[in-house]
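Notes to accompany the following structure.
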Amino acid sequence: MEGGAYGAGKAGGAFDPYTLVRQPHTILRVVSWLFSIVVFGSIVNEGYLNSASEEEEFCIYNRNPNACSYGVTVGVLAFLTCLLYLALDVYFPQISSVKDRKKAVLSDIGVSAFWAFLWFVGFCFLANQWQVSKPKDNPMNEGTDAARAAIAFSFFSIFTWAGQAVLAFQRYQIGADSALFSQDYMDPSQDSSMPYAPYVEPNTGPDPAGMGGTYQQPANAFDTEPQGYQSQGY
């Protein structure tokens with residue numbers, strides 16, 4: 001259950017891209033990454049308008065610069081966060097410590113839930129400012145499709161990030177139920193406390209026990225002196 005609970009592959013295993021891309025949380029990360037590009041790209045490219053009577057550009061969302069700034073900031077940071085956790089998904093199978101895996105899954109839960117909340121705030125903020133925008137500020141309806149796209153994909157991002165949080169929580173539960181958090185993973189071949197097996201000579205002749213001869217080093221293999229001290233009289 002170790003690979004299923006905490007990512008593709010076993011701890012210390014090789015990276016398998018085919019297994020990675022089939023993980024539901026990885027798919028949601030890629031979708032969230034694309035949605036964030038749409039949001040901040042739409043606002044940056046067509047979210048600011050020019051007026052003949054004004055020299056400075058203004059935000060398409062009710063002339064509120066905070067609305068455009070919020071959309072761009074959240075979109076860019078979500079874009080970077082997706083890249084960070086996609087890199088973590090790639091590196092995750094190499095993490096041998098269960099404690100580190102637990103921290104990674106817990107951070108995934110918290111960060112995903114936090115971003116779902118930020119996108120919910122962003123959707124409400126942009127939708128409200130778009131609703132109260134004055135038609136006279138944009139008589140040519142420039143950038144309206146981009147403004148609506150930013151609002152729509154902000155709404156979609158709520159569910160993609162919430163889905164990541166739910167999947168991360170399920171991975172945490174699987175790990176807890178399978179007792180993977182109880183101790184650190186250790187490769188048995190690297191365990192120095194493992195005793196060595198006794199040397200067994202090949203059985204080349206009849207052996208009553210049928211087990212072959214077991215080699216044991218004599219207690220005093222290199223002691224050629226007689227046992228004990230004997231005084232000699234002169």
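Glycine is no exception: its Cβ is also placed from the backbone N, Cα and C atoms.
Heads up, TrEMBL stuff is auto-annotated, nobody curated it.
Per TrEMBL, domain 'MARVEL' is recorded for 20-173.
The transmembrane segment feature in TrEMBL is assigned to 30-49 (among others). Beyond the transmembrane segment (30-49), the same-chain residues lying 6 or more positions past its ends with a Cβ under 8 Å from any Cβ of the stretch are 57-61, 68, 71-72, 74-76, 78-79, 82-83, 86, 115, 122, 137-138, 142-143, 145-147, 149-150, 153-154, 156-157, 160-161, 164.
Residues annotated as transmembrane segment in TrEMBL: 69-88 (among others). Long-range contacts of the transmembrane segment (69-88) within the same chain, counting only residues at least 6 positions beyond its ends with a Cβ under 8 Å from a Cβ of the stretch, are 26, 29-30, 32-33, 35-37, 39-41, 43-44, 47, 104, 108, 111, 115, 118-119, 122, 125-126, 150, 154, 157, 161.
Positions annotated as transmembrane segment by TrEMBL: 109-130 (among others).
For 150-169 (among others), the entry in TrEMBL reads transmembrane segment.
TrEMBL lists 195-234 with the feature region 'Disordered'.
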